[in-house]
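What follows is a set of notes on a single structure, which appears directly below.
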Amino acid sequence: MSGAALGIEIVFVFFLALFLLHRYGDFKKQHRLVIVATLLAWYLCFLIVFILPLDVSTTIYNRCKLAVNSSPAESNGSDGTLAPSKQKCFKPWSYIPDGIMPIFWRVVYWTSQFLTWILLPFMQSYARSGGFSITGKIKTALIENAIYYGTYLLIFGAFLIYVAVNPNFNLQWNQLQTIGIAAANTWGLFLLVLLLGYGLVEIPRSHWNGAKRGYLLMKTYFKAAKLMTEKADAEENLEDIMEEVRKVSESIKYNHPLRKCVDTILKKCPTEYQERMGRNMDDYEDFDERQNNYPSEKSLVKLHKQVIYSVQRHRRTQVQWQILLEQAFYLEDVAKNETSATRQFVHTFHSQEPENKIIQYFYTPTVEWYWECLLRPWFYRVLAVVLATFSVIVVWSECTFFSTEPVLSLFAVFIQLAEKTYNYIYIEMACFLTIFFLSICVYSTVFRIRVFNYYYLASHHQTDAYSLLFSGMLFCRLTPPLCLNFLGLTHMDATISHRNTQPTAYTSIMGAMRVLSFIADGFYIYYPMLVVILCIATYFSLGTRCLNLLGFQQFMGDSEMTSDLIDEGKELIRREKRKRQRQEEGENRRREWKERYGNRDDSTRNRVVHTDQKESSFSEANTNRPLSKYTRSNGRTERDRIELLQDAEPLDFNAESISDDPLESDAGR
């Protein structure tokens with residue numbers, strides 16, 4: 001099993017990152033480089049979180065071996081205590097051989113830092129660029145990132161000059177590397193505490209509120225009102241941009257040098273606008289070089305960028321509106337079924353997507369009623385209590401992890417108790433649950449953040465390339481300080497525990513922070529205590545109230561604006577519900593009409609065909625009798641009558657059905 005656990009987790013984390021990226025990104029429409037870069041960033045960050053517990057258990061085993069080798073085996077010490085025996089130091093099932101973890105952490109860490117500080121910012125500008133060629137996009141990205149990269153180079157150059165001039169400093173390359181790591185972790189820790197303070201309160205509270213049906217329904221109405229405003233704004237913005245595209249397309253003819261740029265812009269427009277502009281095109285006129293009213297290439301680049309943004313925003317609001325309607329209809333169904341006497345869940349509308357037969361077999365209407373109306377609220381309440389308990393433990397440990405005598409951090413107490421008995425499975429589970437909960441609090445906040453329309457992670461494949469790349473940057477900057485904070489909470493970091501023991505492989509890669517004592521002994525220890533203030537502010541919704549005062553409507557139960565938006569959203573949902581009911585009623589009527597008259601039409605057709613066959617065979621034997629023509633004409637008349645009643649496809653003209661002989665027409669009548 002040596003190294004097998006590492007390989008299994010590497011594969012599992014890859015598919016986990018791929019699944020999340022598929023949920024938020026669009027593999028078919030977005031550029032492959034954007035997908036690969038975002039997937040690599042997410043994958044490396046998730047990998048650090050999952051592999052770090054294995055590093056902890058391996059380090060504890062190595063410490064045990066060092067203690068055994070440095071003391072006489074099975075002999076009493078000077079204080080009468082037994083030295084650790086080799087029988088206690090059994091190898092854990094997930095043991096990773098020496099030399100693998102340092103190389104692994106070095107590759108993962110420096111790759112993630114290269115992504116977050118160099119590659120991903122460049123790709124962000126490249127993805128938002130409106131250039132029509134790769135060279136033009138690269139040029140635009142370099143210009144936009146010149147200030148970004150120049151600031152880093154200026155700070156780093158000033159620091160190097162200061163070190164070279166000052167004779168008191170004799171820094172080597174390893175120390176410079178440690179200073180760079182400390183600077184990056186300091187920036188990440190500053191943002192980490194802000195996000196952690198929000199997640200520690202909001203995640204348990206959101207699950208507790210999830211048990212309140214009325215609360216969720218009111219919040220859905222509120223979201224519907226806000227989303228309808230955003231949807232209308234996106235449609236209006238798209239109309240304005242398409243009008244500019246139409247004017248440019250009409251002014252630049254087919255033989256103009258910039259016509260290829262216009263065609264590229266038209267390909268990014270929605271299909272209905274492309275067809276509309278294609279019908280209005282008049283490419284028979286040549287362009288006149290003497291006219292000066294043609295748009296420049298720079299203006300076309302700007303227009304191309306606006307088209308990409310407006311089309312993405314319009315598509316996202318349309319999809320989110322449909323998803324929100326389904327959620328609102330479902331919550332209304334839950335509210336209606338709570339008082340059902342039959343205890344069977346009844347849906348107002350059938351699901352538009354085909355359901356899995358296995359799920360449909362086990363998840364019957366009775367099971368659905370018990371889960372949605374009885375069990376689910378209690379499950380969410382219990383889960384909220386468990387999460388709130390974890391949050392309290394985290395806050396207490398963040399405020400007391402610097403105390404080593406006595407040990408006050410609860411996570412450190414749990415790990416040290418398991419370390420005495422060398423229960424590696426318990427150690428790994430405790431470490432995994434701790435760092436997993438911290439990661440959920442931080443990463444979920446990243447997924448919830450919305451900076452106007454520039455950064456917004458929208459599910460159901462509606463996230464743009466810029467937001468995906470920005471999320472990768474945040475993950476790569478937050479994960480290293482998150483892991484260091486976890487090692488400090490468990491006292492596995494020698495800088496915090498002040499013990500002369502073997503450090504973890506991850507800590508050895510980070511380097512000794514003693515080079516910058518004011519950061520190691522000050523900022524890293526006392527700054528995480530601010531999480532208490534942030535948790536209090538989040539509990540009383542101070543940030544939500546401030547945004548509401550600034551004009552950004554937020555969901556607040558005691559606000560008059562919130563009540564107005566809830567009423568508006570309720571009316572919008574009611575209107576959409578009536579519209580969908582009329583559509584379903586129309587479809588049901590057409591289906592019933594088809595079932596009622598379609599079978600009669602089929603039987604009539606079979607009877608007519610059978611009669612035609614009999615009459616045709618009879619007419620071949622008796623060619624002098626005109627009965628067969630009479631029968632065929634009567635059959636056509638019957639079929640025509642049925643098809644007209646059925647409102648079927650129009651009949652084509654058939655010359656055989658019209659006879660020039662008036663006697664035959666009279667006989668037919």
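Each residue, glycine too, has its Cβ placed from N, Cα and C.
What TrEMBL says about this one:
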- 6-21: transmembrane segment (TRANSMEM)
- 33-52: transmembrane segment (TRANSMEM)
- 103-126: transmembrane segment (TRANSMEM)
- 146-165: transmembrane segment (TRANSMEM)
- 177-201: transmembrane segment (TRANSMEM)
- 224-251: coiled coil (COILED)
- 378-396: transmembrane segment (TRANSMEM)
- 425-446: transmembrane segment (TRANSMEM)
- 523-542: transmembrane segment (TRANSMEM)
- 576-669: region 'Disordered' (REGION)
- 582-617: compositional bias 'Basic and acidic residues' (COMPBIAS)
- 618-634: compositional bias 'Polar residues' (COMPBIAS)
- 635-644: compositional bias 'Basic and acidic residues' (COMPBIAS)
- 658-669: compositional bias 'Acidic residues' (COMPBIAS)
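Here the transmembrane segment (523-542) sits against the transmembrane segment (378-396); at least 3 CB pairs are under 8 Å, leaving out pairs fewer than 6 apart in sequence. The stretch from 6-21, 33-52, 177-201, 378-396, 425-446 that makes the most Cβ contacts under 8 Å with the transmembrane segment (103-126) is 33-52. The average pLDDT the prediction assigns to the coiled coil (224-251) is 92. Taking Cβ pairs closer than 8 Å, the transmembrane segment (378-396) reaches residues 196, 200-201, 203-205, 207-208, 210-211, 408-411, 437-438, 441, 489, 531-532, 535 in its own chain, all 6 or more past its ends.
Note on the transmembrane segment (177-201): residues 113, 117, 159, 171, 391, 394-395, 438, 440-442, 444-446, 474, 477-482, 484-485, 510-513, 515-516, 519-520, 523-524, 527-528, 530-531, 533-535, 537-539, 543 of its chain, located 6 or more positions outside it, place their CB under 8 angstroms from a CB of the stretch. Outside the coiled coil (224-251), and at least 6 residues removed from its termini, the chain residues within Cβ reach (under 8 Å) are 262, 265-266, 269-270, 273, 277, 280-282, 293-295, 300, 303, 306-307, 310-311, 313-314, 316-318, 320-321, 324-325, 328, 553, 565-566, 568-569, 572-573.
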